[in-house]
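As annotated by Swiss-Prot, domain 'tRNA-binding' applies to 40-153. As annotated by Swiss-Prot, domain 'B5' applies to 400-476. Per Swiss-Prot, the feature Mg(2+) binding site maps to Asp454, Asp460, Glu463, Glu464; the stated evidence is sequence analysis. Marked as domain 'FDX-ACB' by Swiss-Prot: 710-802.
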Amino acid sequence: MKISVNWLKDFLPSFSPDITSLVEKLTFLGLEVEDVESTPLPDLRVVVGRVQSVALHPDADRLRICMVDTGLEEPLQIVCGAPNVAEGMLVPVATEGSRLTMQDGTSFVIKPSKIRGQRSFGMICAADELGLSADHSGVMELDSSYAVGEPFARYLDSDTVLDIAVTPNRPDVLSHLGIARELGSAPDAILFPEEAPLEFSADSPLVQVMDSGACPLYVGVIIRGVTVGPSPRWLSARLESIGLRPKNNIVDITNFILHALGQPLHAFDLQKLKGGRVIVRSDFSGSFTTLGAEQCTVEPGMPVICDTQMPVALAGVMGGLDSAVGEGTVDILLEAACFAPSAVRRSARKAGISSDSSYRFERGIDIRNVLPAARAAVALILETAGGTVGEATLQGDPSPALLVLPFRPRRANELLGTAIETDAMQAMLARIGFRTLALDEGVMQVEVPSCRIDVLQEIDLIEEVARLHGYDNIEASGRLAATYPASRTRPGYFPDFLRGVAVGLDFREVLTNPLIRREEAAPFGDGLVSVLNPISEGLEVLRPGLVPGMLKVIAHNIRHGNRDMRLFEVAHGFSVADPSGAAEQGPLGAYCEKEWLVLALTGNRYPRSWNQPPDRVDFYDAVGAAEMLLGKLNLLDKSAVNIYNENTVSIDLELTEGKKKRSQRAGRAMRLDSALLSQFGIEQDVFTVELDVSVLEMLYSPDVVYDPPSKFPAVQRDLSFILPGTVPVQSLVGLVRSSDPLIRDVSVFDVFERGSGGGGERSVGLSISIADHSGTLQEGRISEILRTVGVNAESKLGAVIRQV
């Protein structure tokens, strides 16, 4: 963004800075100055001249022979090729010996010459030939305030232009007024342009806003009887100083207000508006021609300004060619509006158009600045183009309530490591427009100016204090002191604890985007949460879970040659709480947000080696990983793995509520379907474990009770059971383990299927470890325990001990 130092003086009359100090001050305020350009004054031998006559060149159709009065006894003959040179014009004339420095930095000296056989004793100059701007469309036309024969430089002020890099969160400084606010000692010291008194009507048919979400405020002013023509020199000079080419007085004023006050404006030729009115709508589908003479396709969701028949502007982005102000314009409709940043961003992206207006609307403008900017523009139009104000209408609230934030000076000093007095902080904030409404028990109530849409909470105010105090004035501390509790609270700690456990199990963490394509999310649920304003067409829904993102990571790695992976992620999934809308809404309204831990395994179980063949991971690796993780959380004894189908098992945890116990679903382990994997371009098996973090945290207990091993020898007994095919082996293992307190461990050493499809009987071999802390086990006690095991298995599960 280019800022003219001379233009800044319009807002700060006493402003006379040293440029080096100014650049340093802006930098410390967080506004990086990328470039500094000084505009030198033209050579004193460049004088004001009057074109007395213009004749065609006898040997060149595009050249003219001009006789120019420069205050000397005889007029100078000058050959000129500018298309706009005309008799009676006041122009800058470079006389013999003048050294001209162009806009690009090159220079040359004017000498008498012959051009196509005709003598020329000087040059009538365009703006770029004097280094004033990049405009080379024609010679400069001066107004009547210039005196013939006077050095042109006497009418100019040397200027310095700063090119400032503005971060996206600071739209308030995208104007000369915004920079003046940063530099000013107080808001009252800033001079605002003169405003025209206007009476607005809220119920006029002139403007109809059909989408108030996209356009919360629209101001329209009709000015009749204007004369469209060249802008006065002061106005052209302001625009040229920042690299803009003047067009006509109406358009130049809209550009002037944009760069002066930061409020985009647009002027319509009222006679070209069908029905003499405008409608703001977002449901139009069609096309229109922009000011740049390009066809723009409009889709529903893109706000447009329409007359009664067709679009005349893409709201906040660019106007239309068919309603543009030109030389024949007599009546205009001046638009000053506030358009929603998301709506303008979407329109500009889809249309492929970027403009000074869209740049500001996309970042957010000051809604309270719309009316003052409109009044200032009307005053300038009446001054430079004449005319009278007709109807003025306003749709929306031009002065919404300001945000008030609590601010603790003590907290600011703690975070910044400073000892700034409360009065000093109050004065700093007041300097940039933050008013202190009250101060009670060390807490200030601070009113945020409407232009500072980036200040939303106390920490933002603390940042402002640091910025205004000066980061270089904050002394380095001799010691480090934490300003947060020594131990993190459990809700913030548990996900990190899970990450540590997963890393300890040889899984690697991935971080995936919560926004994904609708096609990627569709296989994982119906209640998808759509984003109203997606940042791109490929990121239009929130992920229902973590598996879609995990599969994208796996596919990416496989494409790059890495086929063996053990990955995990802890993050949130999102869904509509009840897609049918019948259920009562929860704390998040119609939406559900849940935190998940997902493990994913694919490829070989072990790294490739000379001493063992490749061994692929399988379903039991996933279940085993889940059990190991539950073991680290002291939840393995409370867990049960239940078969859901041949590719999926549920993982349930035992929950105690008073004297009752119930099963709580914690997650699942599964082998992903090959058809699903093919959608992501994966041709090898992938196994996943999904665990609900809230359930794990609810049941997790960090307290571990030490159970010492028995001093007496343990006894191992192997039993073989005939188990119905419908009963999970896990149920048998759990039942045997709970049959007697002396049973220390139960493990499966053999499974033999007698039937197919999971419906037949199975032979399951269990190894049972029995130990007593009080003494050596006797055979009678061992036999009693095994009989109890057999009775429980047969009565509760239908499992029979197989006799050998």
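Cβ atoms are placed via backbone N, Cα and C, with glycine included.
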Mapped DSSP class for Asp460 (Mg(2+) binding site), helix or strand or coil: helix
Considering every residue in the domain 'FDX-ACB' (710-802), what is the mean pLDDT value? 87
Enumerate the residues of the same chain, Asp454, Asp460, Glu463, Glu464 excluded, that satisfy the criterion Cβ within 8 A of the mean position of the Cβ atoms of the recorded Mg(2+) site; list them in sequence order. Arg452, Val455, Ile459, Leu461, Ile462, Arg467
The DSSP breakdown of the domain 'B5' (400-476) into helix, strand and coil residues is 33 helix, 15 strand, 29 coil
Quick note, Asp460 (Mg(2+) binding site): same-chain residues at least 6 apart with CB under 8 Å of its CB -> Leu405, Asp454
Under DSSP, the domain 'FDX-ACB' (710-802) has how many residues in helix, strand and coil? 28 helix, 31 strand, 34 coil
Please determine which of the binding-site residues listed here (Glu463, Glu464) has the lowest count of neighbouring CB atoms within 10 Å. Glu463
